[in-house]
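What follows is a short report on a single structure.
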Amino acid sequence: MRAVLTWRDKAEQCVYDLAFKPDGTQLILAAGNRLLVYDTSDGTLLQPLKGHKDTVYCVAYAKDGKRFASGSADKSVIIWTSKLEGILKYTHNDSIQCVSYNPVTHQLASCSSSDFGLWSPEQKSVSKHKSSSKITCCREEHNDILAVADWGQKLSFYQLSGKQVVGCQDGTISFYQLIFSTVHGLYKDRYAYRDSMTDVIVQHLITEQKVRIKCKELVKKIAIYKNRLAVQLPEKILIHELYSDDSLDMRYRMKEKIVRKFECNLLVVCADHIILCQEKRLQCLSFSGVKEREWQMESLIRYIKVIGGPPGREGLLVGLKNGQILKIFVDSLFAIVLLKQATAVRCLDMSASRNKLAVVDENDTCLVYDIHTKELLFQEPNANSVAWNTQCEDMLCFSGGGYLNIKASTFPVHQQKLQGFVVGYNGSRIFCLHAFSMSAVEVPQSAPMYQYLDRKMFREAYQIACLGVTDTDWRELAMEALEGLEFETAKKAFTRVQDLRYLELINSIEERKKRGETNNDLFLADVFSYQGKFHEAARLYKRSGHENLALDMYTDLRMFEYAKDFLGSGDPKETKMLITKQADWARNINEPKAAVEMYISAGEHGKAIEISGDHGWVDTLIDIARKLDKAEREPLLMCAHYFKKLDNPGYAAETYLKIGDLKSLVHLHVDTQRWDEAFALGEKHPEFKDDIYVPYAQWLAENDRFEEAQKAFHKAGRQGEAVRVLEQLTHNAVVESRFNDAAYYYWMLSMQCLDIAQDPAQKDVMLGKFHHFQHLAELYHGYHAIQRYTEEPFSFHLPETLFNISRFLLHSLTKDTPLGISKVNTLFTLAKQSKALGAYKLARHAYDKLQGLQTPARFQKSIELGSLTIRSKPFQDSEELVPLCYRCSTNNPLLNNLGNVCINCRQPFVFSASSYEVLHLVEFYLEEGITDEEAISLIDLEAPRHKRENKWQEIASNTSQTLRLDETLDSMGDDDPFTAKLSFEQGGLEFVPVVVNRSVLRSMSRRDVLIKRWPPPLRWQYFRSLLPDASITMCPSCFQSSDKGGLDVVFLVPTHCQATCPWKVSGPHQAWGC
């Protein structure tokens, strides 16, 4: 241990006391009646403090560093803050002898000659206590300061961290730094050193982890090796080991303890032994302290190092003062002389393969030898320590003269500034010991790598790069190796910098080499082209006979002028190809006009058309289309496409006509909705009928012109689509409560099905749908009046009509109720009208039915009131409302369980389409063998009609005058053959139709017969009017009948046609005489 003066200052008066700030940055001195505050780093006087009136005898700093106290002969104590401000002053009865802070509670004790006081920050007052004798000193235990006083009028304070301050009577202040010899040990990436004289710290140089081992005695020597740590104390040696074999484990435990005092210069530990160096002698001891062998050297031992080996057979490298270098195995008594040099050994190291030896001698020269040949390979000056790279055989570093020197193989040395001694070299990290600290310096290996690259030693350069270089260095290595065609090294380097582009190039070259390509000029040309050395690449392509590759390269790079120079006056095909590529480039750089001109000159009309069309250049397209021959179909079709896209259908039609593509012309007219031109073309070419009418129908449907769409589908022969459109129209009408429209659409559906039924394969199915849709049409037509009556405030129908319609619907709704038709609305209408017309029994039945149904809130009050008031009416129906069967003259009940047929003869009723009253019509059927044409001819014979003669007689008397009507029937009136056919078997459950023969037909008048002339495959229906004088009108299209005149019908049912037809808006109608 030795003391080194750090700084010195001269005070004007005697120094009585001093104190360090706990963090060591300030020093407080009591000099005269002032306090002097110094910066401990350089001795600068920060500030003198004046507060006492007499000599300051004592000073003390609190452990937390927030405040300090001073005591003086003026009997006062002043407490100061760390900012050098006084905050409290109190007095004693005598001069202050000493002050001291408690390191835990920060309580201050101040002592005078006769008493002492205690002050704490929590108290405002100071408690004082008298003493029976004079107090000379007080000190509370302080762990890291040692105070020494002597009779030489000198007071010294020591810190365990190695600082000493001396204050003298003459006012001299001296600050000393105590320097101790370094006690440490190193093995690879673990460094152990002494701290605080009694502790050992083991540092992992890679992870920077540290562990402290407390020995509680002076540490004299330290040795470390693999998982072993040996610590020499004054009276013993402690041997520690790691808990595990993990290279990152830092937990040590006690393994052995050798309780004996040893004197040695150096200490080395192995797996099972410790080695003591004593001047010229080496002793090998087991961990139990038994000496196993001893080696006596010729000269003083200057350096010893463990170089590894199996446990119990480790090798030692020993350097002597006489220049001899030995290798010793701990299990052998014989030392092996490696070589002998003329100068003393100062430091040495062996390479990883143990083929080379580096020695630093006492002349600060680094000498490198080949161990096997004893040959001096090279030497370098200004060296104080040396270390081989553990990961690279040919690299070492040495320090000296404030520089770090790195040498690779036999290349010149690379230098950089570094303070300290090199003790290890691992990869790119150099371990340097400077003063008392060990640090790991990250050193790029760029310089030695470039030294290898200069000599084209790519593999060696790669090994150096793996130790640690920048990304730029990696890329340079990759490029150099690639140009040198060292693909394996280049691939590894490019992988390191993640350059996929060059990796793809290398892979492609390797694949080509596998396929047998051996032309290195071609490979190198590819490399140059990737590197941007295009002219060099072109020359190599030409030299290897691949001029086309050079041309492709220039055109891909848009270097068209260079390409033309390279091509000269060559093949016209290549010239055309060059122009095309130049046009591609002009297109890519957004110069479309120039690109179009180049494409046209190169004959690439398709690309020219595409660019012109995308930019909307119609004039250019017209020029191209008119210059092209009609045989060039593809470009002309492209022109037509763009004409159509740019809303120029006229030019598109001209182009289609030029190439004779009539189908595309039809599609053009359809797509542009030029239907007149399309229809005209369809007339000339019927084969395009589907291509015209189907889109036309779809267009009509999209524009809500569904009826026209249905007709168009029908005209195009698409019966299925026509039916689907009608079904959708019908469904929409029902959902939107447009029941009159729904009736019309169902009638159209039925007629459509009847048209499809002409196909024998679909006859049965379509006829079933026909009757079903006819029935629905009748229902929705009738319900239209019910819906308007219940939903609208005013009714356009007479009560009798509503009464008849509601009865007709109830008799028809015996099974499922169609969508949209409300049974509640129907019963409500029937109840109201029955009550109004005097059908009280039927009204009561309707109200009872409504009571069992879920009715809307707006009807409930009316239904409840009607249900009560109907009880006051007689339980019978008015006879005037009872329907009559015109076949059997039977009065039928208002509520008929059989439906709309007679309960007696089962004859179906024929209802008026306007009033829904039962018409005086009876359907009859033709006898087998009579055709419709023959029947019409027989009826048209017009047999004589027997008329009734009415005669009025006047009778006069004295008191009165009377008129009497005498009605005389023609004797032939009751002899009508048709009337005889109306007879049937009473009580029969089956309906017996009326079948007439030729004689009966001849007896009929044309005005008495109504005929429904259904198209095939249906048969015509024949009806005979039993009241010839009552007029009946029938629509010749829908065959609906009415007993009202045309004007009345138009007024009552405005949606009907001019007579009774509910399905048409206008059209001719016939009277009941067909």
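Each Cβ is built from the backbone N, Cα and C atoms, and glycine gets one as well.
According to TrEMBL:
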DOMAIN    2-138  domain 'IFT122 first beta-propeller'
REPEAT    49-80  repeat 'WD'
DOMAIN    184-438  domain 'IFT122 second beta-propeller'
DOMAIN    445-825  domain 'Intraflagellar transport protein 122 homolog TPR'
DOMAIN    878-922  domain 'IFT122 zinc ribbon'
TODO: Using a Cβ cut-off of under 8 Å, list the residues of the same chain at least 6 residues beyond the repeat 'WD' (49-80) that approach it.
DONE: 16-23, 28-37, 86-104, 106, 108, 110, 112, 117, 119, 142
Task: Whole-number mean of pLDDT values that fall within the domain 'Intraflagellar transport protein 122 homolog TPR' (445-825) - done: 77
- [ ] With DSSP as the yardstick, break the domain 'IFT122 zinc ribbon' (878-922) down into helix, strand and coil residue counts.
- [x] 3 helix, 8 strand, 34 coil
TODO: Pull the DSSP breakdown for the domain 'IFT122 first beta-propeller' (2-138) and write it out as helix, strand, coil residue counts.
DONE: 0 helix, 77 strand, 60 coil
